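Input: a single structure, listed below in C-alpha cells.
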Amino acid sequence: MSKFIEPSNEEIKLEKLYQDMGLSDKEYDKVVEILGREPNFTEVGIFSVMWSEHCSYKHSKPFLKQFPTTGEHVLMGPGEGAGVVDIGDNQAVVFKVESHNHPSAIEPYQGAATGVGGIIRDIVSIGARPINLLNSLRFGELTVKQNQRLLKGVVSGIGGYGNCIGIPTTAGEIEFDERYDGNPLVNAMCVGIIDHDMVQKGTAKGVGNSVIYVGLKTGRDGIHGATFASEELTEESESKRPSVQIGDPFVGKKLMEATLEAITFDELVGIQDMGAAGLTSSSSEMAAKGGSGLHLRLDQVPTREPGISPYEMMLSETQERMLLVVEKGTEQKFLDLFNKHELDSAVIGEVTDTDRFVLTYDDEVYADIPVQPLADEAPVYILEGEEKEYNTSKNDYSNIDVHDTFIKLLQHPTIASKHHLYEQYDQQVGANTIIKPGLQASVVRVEGTQKAIASTIDGEARYVFNQPYEGGKMVVAEAYRNLIAVGATPLAMTDCLNYGSPEKKEIYQQLIDSTKGMSEACKVLQTPVVSGNVSLYNETRGTSIFPTPVVGMVGLIEDVSYLKEFKPKAGDKIYLVGETRDDFGGSQLEKLLYGSVNHEFESIDLSDEVSKGKLIKQAIRNGIASHVQTVGKGGLLVTLAKISAHYDLGMQAQLDVTNAQLFSETQGRYIVVVKEGQTLDIDQAQEIGHLTHQQLFDISNSDVKIKENVSDIKQKWEGAIVQCLTTQD
C-alpha cells in the first residue's frame, strides 16, 4: 500500500481531476491510449506539465518550424538549453531568452529573480560562462499604482539576482501601455562564452550510467509552475503564489562554478538545468534525446522536508538545480566536487535500455511511461485565424503643437531615460563591459582577446498589433540596426513570442502573420534563430496584451580598438541616413494624440537594411563615426534630443521635414555623428547639423524652432520615470 494518500485512477477519471492539472478530455484519452491503461496521479501530473503550452509549444510549434535555424556560424540550434554560434578562434557565443511573465505578475521580485536565475542556468548547462544579462520588460501605464509596484519589484528582482551572482546587466528595453495592466512581461536573456570542445548536451545515454541530482533540496515551491505559465491570469491567480519559485543567487553562484568545473570531467555524459517542470522535464527530455530509458529512485532525491510525494518531487520547480548523467563508476568524483562547493547532491537513478521512464519510491512504482510519446507526442493544435479590421479613416496630424508634443513624448516612460532603473543593476562586474545601458546595444569584451560581443533585445508590440506581418519583420530589423550602430556584425538571434490566447481567432492570426514576417527578415538579414521561448495566454480579465515578439540578437566585433574613440564631441557633424515619410500608424505620436493605435504603416525594405547596414558599419570601423543612433520611438526630434541629453552636448540642426514628420517613425533610419574633418559618403546620408560646446538644443525646420537648454531636456528625460514612481494616486 502506498505511503502517500492520492486520488485513485478511477477518481481521477470520474471527477475529471486531470482538468485541474491542465489536460483536456481528449488529451487525457490520448494518455490512456499511450499507456494502455488509466494513468495514476503522478503520471497525470507528468503528462500535464510536459504537454502544457509552456513545455510542448502545442499551439506554436508549426510556426517555429518556419524559422531558419542554420547558417555559416551556427554550431547548435534549437533543441538544447541555448543556441551556440561560432565567433572564431575555437570560441563560441551561447545565448537564449526566456519569459517569466505569469510568476512576475503574482510575485514580481521572485518572479523576475528566478527568471534571471533560470536563464543563467540554461547558458551554464551548455558549459558556457555567462558574460552579460539583458531584459525586455512591459508594464501597464505608471499612472496606476499596481503597475508602479510591479515595476519596482521586477527591477529589484533582476538586480538582486544578477548583482549577487556576479554577472553584469548591460542592456534592455522597457515599455509601458495599458494593454499590459496586470500582465507584465519579463523576458530575460543571457549571453555566455565557451570553447568549441566544451559544448555540452542534455542527453542521457549509456546503459548503466548514473543520474546525479545537484543543487537546492527539493521543496514544494513551484509545483505546476509550467501549467500556471500556460493559463490566463484571473482573479484566482493570486492564490497560485506557491507556483512562484524562490531564488537563491548565492547557491546559484556555487552551482554555476561547480557546473563549469564538472564539464571539464571526461566522464560527464550529459547535463540539463531543472527549469520549467523541474525534474520531470529535465530527466524525460534527456532520456528522449539519448534514445534511452531512465529509472529514477525518488527516495534518493534530496528533499527540504519529510513527506514530499513522488508527484510533488517530479513537479516541483525548486530553483538552483541541475541533473547530470555520468559514466558508471565515476559518481564519487562528481559528488566530491559538489561537496567541495557545499552543494547537496545524490545519485538518484540510472540509464536503462527499456525506453521507459520509470519512477520508484522505496521500490514501489509510481510511474511507468514510454519515453518518446511523453516527450514528442504532445498534441499539436492548428486553429483558425481571423484578419483584424483596420481603421481606414486618416488621422489628422496637420496642426501639431510641436513643442508641447516634443516634451510630452520625451517624458513618456516608454521613451524617457531608464537610468533610474538601470543604475540598480551592476553593469561593470567582471570589468569587461565596454558599452553600458543607455542609448545603444551593449558591448562586452571576450576576456583575453580583442574581440567583443554586442547584444541587444528589442520588441515592437504596437506595430505587430497594427500589421503583424510587417511588425514581425520590423522587430528583427530593429535588433539588426542596433547591432550595426555599434559596428558589430549581426550573427544570430533568439526570440520570445509573447501573445494572448491562441484560441481567439484574431490572436492566432497575429501569431501566424508575425512569425511569417520574422522568418522572412531572418532569412534576408542572415540572422538564424538558434533558441527561443513561447509565452501564450498573456491575458488578464479577458483582455490580451499586445502581440509582443521579442528578439535578442548578438553580433561580433573582431577588434574593439575603434571603440576607444567612439564618443561624440563638440564640432562633430550630424547626418541623417534614410528617408523620412508620413509613418504614424503604430507610433508614439498616434498613441499620444488619439489614444489608440489602429492604422497601417509602410512596409520595411529588408534589402535596403542590409546594404545600408554594411556602409554604416564600415564607417564606424574606419573611425569616421563617433556615434550612431537608430531613429526609433518618438521619431527624429526625440532621437536627437536623447543624444544631446545623454552626452551633455549642445546641438544645432536644420531638418527638411514637416512638423508631423519630426515625430514620424519611418523605419531604417540612422543618426550618424561624424568626427570633425571627416565626411560620410553614403547615398542616403544628409548632413543636418553639428554638435556644439554651447548647452543649447537648437533644432528647426521651415516652420518651427525648438530651442531648449540641454540641462532642461536632460532633466525632463531622465527625471520622468522617477517622477512617475513618486507620484501618489
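Quick reminder: no glycine exception, Cβ is built from N, Cα and C everywhere.
Y57 is the only one of Y57, Y463, Y562 that Swiss-Prot places in the ATP site (with K96, D495, G532). Around D273 (Mg(2+) 2 binding site), taking its Cβ as the centre, 29 other Cβ atoms fall within 10 Å, counting all chains. Taking Cβ-Cβ distances under 8 Å and a sequence separation of 6 or more, the neighbours of Y57 (ATP binding site) in its chain are L64, V534.
Note on proximity: of the recorded positions S99, H100, D122, N533, the one nearest D495 (ATP binding site) is N533, by Cα distance.
Between the binding-site residues S99, N533, the minimum number of other C-beta atoms within 10 Å of a residue's C-beta occurs at N533. Counted within 10 Å of its Cβ, the other Cβ atoms near Q319 (substrate binding site) come to 29, all protein chains included. Under the DSSP three-state reduction, D495 (ATP binding site) is assigned to strand.
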